[in-house]
Amino acid sequence: MTISSQEQETKKVQVTVDKNPVATSFEKWAKPGHFSRTLAKGPKTTTWIWNLHADAHDFDSHTSSLEEVSRKIFSAHFGQLAIIFLWLSGMYFHGAKFSNYIAWLSNPTAIKPSAQIVWPIVGQEILNGDVGGGFQGVQITSGFFQIWRASGITTEFELYATAIGGLFMACLMLFAGWFHYHKAAPKLEWFQNVESMMNHHLAGLLGLGCLGWAGHQIHISIPINKLLDSGVSPQELPLPHEFLVNRELVSQLYPSFSKGIIPFFTLNWNEYSDFLTFKGGLNPITGGLWLTDTAHHHLALAVLFLVAGHMYRTNWGIGHSMKEILEAHKGPFTGEGHKGIYEILTTSWHAQLAINLAMMGSLSIIVAHHMYAMPPYPYIATDYPTQLSLFTHHMWIGGFCIVGAGAHASIFMVRDYNPAQNYNNVLDRVIRHRDAIISHLNWVCIFLGFHSFGLYIHNDTMRALGRSQDMFSDTAIQLQPIFAQWIQNIHSLAPSNTSPNALATASYAFGGDVIAVNNKIAMMPINLGTADFMVHHIHAFTIHVTVLILVKGFLFSRNSRLIPDKSSLGFRFPCDGPGRGGTCQVSGWDHVFLGLFWMYNSLSIAIFHFSWKMQSDVWGSVTPAGTVSHITGGNFAQSAITINGWLRDFLWAQASQVIQSYGSALSAYGLIFLGAHFVWAFSLMFLFSGRGYWQELIESIVWAHNKVKVAPSIQPRALSITQGRAVGVAHYLLGGIGTTWAFFLARIISVG
């Protein structure tokens, strides 16, 4: 039944804590495995160390109390924040002490960013390359210099101050993590009070966060950047606080500042249009978004989130109730709708985490695509190594988060799902027609795989036979991505109707001019053709297979026709016991394991597509006469339509820089390229191995030790099947990521 507003109001929100619930004891923590009765007894076999790592953060296995688990997670979040602040502080400190930031600031197009100087011990100083301006160091590709410029940082002193601030925040977070677990730990109802949490996160985190950044941009960044853009040297600029306290200073740059806040309260908001703009496009001096546009954007978001932060009903009997919304959410084909989902999301943190990981992972991938289409910071678009690094980084982060969503969805199904509380709701109905979902998804994967790969096989065959007129290409049988081209066209034409005062389209990827900074291309229209159409369908194929594996793992994690009692076997198990062959790799854990390989496939092709497409069709230079020349001279359209083209003109041709890097400042990438290949190959030893083989080997080695009376007291054991797979997939991905990283950076630092 729905609770009325009056009844809701009687349930007052209170912040309740338990005082001193858990003693602070270094003696206890010093004991390995203190969280588990079995592990605390110490090692009998080498399996103990594996179980120690597997269970240390599996709070469900430490206690069955949801309140205690919630407190541990809450406390761990503060620890995570402390690490992030410490890392950030280190980045800012390096910028202050070891970088050429000030030199870069005065000439960002000719000088490359560096914030790491390798000390000479046994000749590593070869890695300190000449980055311009007489500075020797390792070129960095993190984008920190560009974000510092956008923040209005112009001196090393400001970087030091921020680094100290980061250290202070890290200490504060560590203290908070200890305090809220050992001294004043919130009660379970505080963690389950979703309306209050939504209000505070929306209004506080997002609303005030956006407002703070908008305020900083308006008062500090925009005036400083305007002066830098007009050629004022960083040394001549006033200190940032001058812009805050001296209104005259800013009024010279933005006249509306002289009017103060009167236009705001008299609703003449148009007065502020000199620093809150709606220009669209990119600043031609920096190749980044107009900072006055981004300030406007964050101010608008702040208003939006501050309003949204008053949306949910807490102590005042007004606003939405999450439970009511979910239970009212019924459709003609959805039975009980979302009845029971509220209870799931307030009692299963795995279910909550699965949704959050899927959302944040997708958001990270969206960020990757916006970072190059609408470069947010000054001079980031012309720093090709940074652009490539940030795209790759956000794609990887997104992929891991999405696979993590599949993992925690399966853990929820095994550990937290209660069939009795979920009768005929959407979740139950999805699980009941899972066969239809999985078989259809499987059909889609087979269709996409055969057709997309078939187009490539056809092209390779025709090219081998010398029948180029029979190939799918822009010059023979065209497969133009007409829908994508239509969307591009709409987006390039739309601003003239929807925002007539805008100077340009939102992104030059859709159409418009070539934006070049110092004759180096920042962004330009990205033409799509047959090659993009073909690669796109490979993307569709690999993504659908990844989804198939993860969704099948989640939907069949409790039971299947093959193993009806899967839920009693747990989240990870090797098979259904002796005497049941053919039941390997069916656990929820194994689906995550398999999903990781396909996630790797998907993302490799996506980042390869991006890297080659940008070098071929976007990145390059413009001559004074206006002739555009690209790094690889537009070879994508004709080469990316065959498998041989990908192998020869992308992988092999662009690997020359990393392979020939020895003896140069890029030699570290050559070594990483080699070493990461070895790490990847090492993974195969675990992925193709049989456990019995190793156990036999171990036993003969133990016999030899006994013979010479040096037998170990801890009995050696071969890795379990699951442990072997975990080591295998970890090295497979680490090796693959390391190889790609070295390949990309050696290439783009050389030619970019």
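The backbone N, Cα and C atoms fix where each Cβ goes, glycine too.
Looking at 198-222, 498-522, 698-722, the range annotated in Swiss-Prot as transmembrane segment turns out to be 198-222. Residues 69-70, 73, 380-381, 387, 390-391, 393-395, 397-402, 404-409, 411-412, 415-416, 509, 523, 610, 614 of the same chain lie 6+ residues outside the transmembrane segment (349-372) yet bring a C-beta within less than 8 angstroms of a C-beta in it. Taken residue by residue with DSSP, CYS575 ([4Fe-4S] cluster binding site) is part of neither helix nor strand, so it is coil. Sequence-distant neighbours of TRP694 (phylloquinone binding site): residues of the same chain at least 6 apart with a C-beta under 8 Å from its C-beta are ALA718, LEU719. Between the transmembrane segment (388-414) and the transmembrane segment (591-612), three or more CB pairs separated by 6 or more residues in sequence fall under 8 Å, so the two stretches touch. When Cβ neighbours within 10 Å are tallied across all protein chains shown, the highest count among the binding-site residues CYS575, CYS584, MET685 belongs to CYS575. Taking CYS575, CYS584, HIS677 as the binding-site residues under consideration, the smallest Cα distance to MET685 (chlorophyll a binding site) is found for HIS677.
Every protein chain shown contributes to the tally, and the Cβ of TYR693 (chlorophyll a binding site) ends up with 10 other Cβ atoms within 10 Å. Between the C-alpha atoms of CYS584 ([4Fe-4S] cluster binding site) and TYR693 (chlorophyll a binding site), the distance comes to 18 Å. There are 15 other CB atoms within 10 A of the CB of HIS677 (chlorophyll a' binding site), with all protein chains counted.
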